[in-house]
């Protein structure tokens, strides 16, 4: 029987999840159908529950419903608990299960680039949900120190305080975006500047070996500046594929190879 999957969000037309999951299915022989579902801003829960009531096997959650999905789950994975957001849902024994595969997607993308994560010092620009979701997987993959920089310092400090309890083995620090300096192995842009077009200026006293832009398919001043410095860079398509592979694995027990889809 064909398994039914969907991605839910608002807006949703931009999602590439259906093409990815159908490509994984073709490669692995899983019989599935994967659709986009647009939910009204006030109608996530009813839309999600009706999908599972109709026999849906699994659902991906995108903006702006990840925090709501987290709140509705009966059972959460450790990484979802730390992220406080869920992008992957499934029903098991009548209970709604939730996971967050975004951080694992980022780690898989970085590893596919053969950028070392062991004992690294990483700078993440931005202190929003995207950053919260990737800290724990980065630490698990070997990152030694993670510095979170944000325009509003208090928000970065709050995030570090929250995560220190959840990820005690991590060396975490909060700074203001105005105080960017020092040497880092990898800089990750998790701000929405690449989406809104606000140019983010990286000062000369900030040095880094690699640059990763979480967004993809749009002009990015962050990537432009990495190019000017001749620093190896990548944008977020690999992360998108990586998080989709992890969700596919949770649902179907088969893990496609990331390199086959980049």
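Placed from the backbone N, Cα and C atoms, the Cβ positions cover glycine too.
Swiss-Prot lists 15, 16, 17, 62, 87, 102, 216 with the feature shikimate binding site. Residue 15 (shikimate binding site) falls outside any helix or strand according to DSSP and counts as coil. The 10 Å shell around the Cβ of residue 15 (shikimate binding site) contains 19 further Cβ atoms across the protein chains shown.
The annotation active site, proton acceptor is assigned in Swiss-Prot to 66 on the grounds of sequence analysis. Mapped onto three states, the DSSP output places residue 66 (active site, proton acceptor) in helix.
In this structure, residue 214 (NADP(+) binding site) belongs to neither helix nor strand by DSSP; it is coil. According to Swiss-Prot, the feature NADP(+) binding site maps to 78, 126, 127, 128, 129, 130, 150, 151, 152, 153, 154, 155, 214, 236.
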- From recorded positions 66, 78, 129, 150, 214, the one whose Cα lies nearest residue 87 (shikimate binding site): 66
- Query: When you measure from the Cβ of residue 78 (NADP(+) binding site), how many other Cβ atoms are you left with inside 10 Å?
  - Reply: 12
- Item | Between residue 15 (shikimate binding site) and residue 214 (NADP(+) binding site): CA-CA distance (Å) | 15
- Message: I'd like to know which of the binding-site residues 127, 154 has the most other Cβ atoms within 10 Å of its Cβ.
- Response: 127
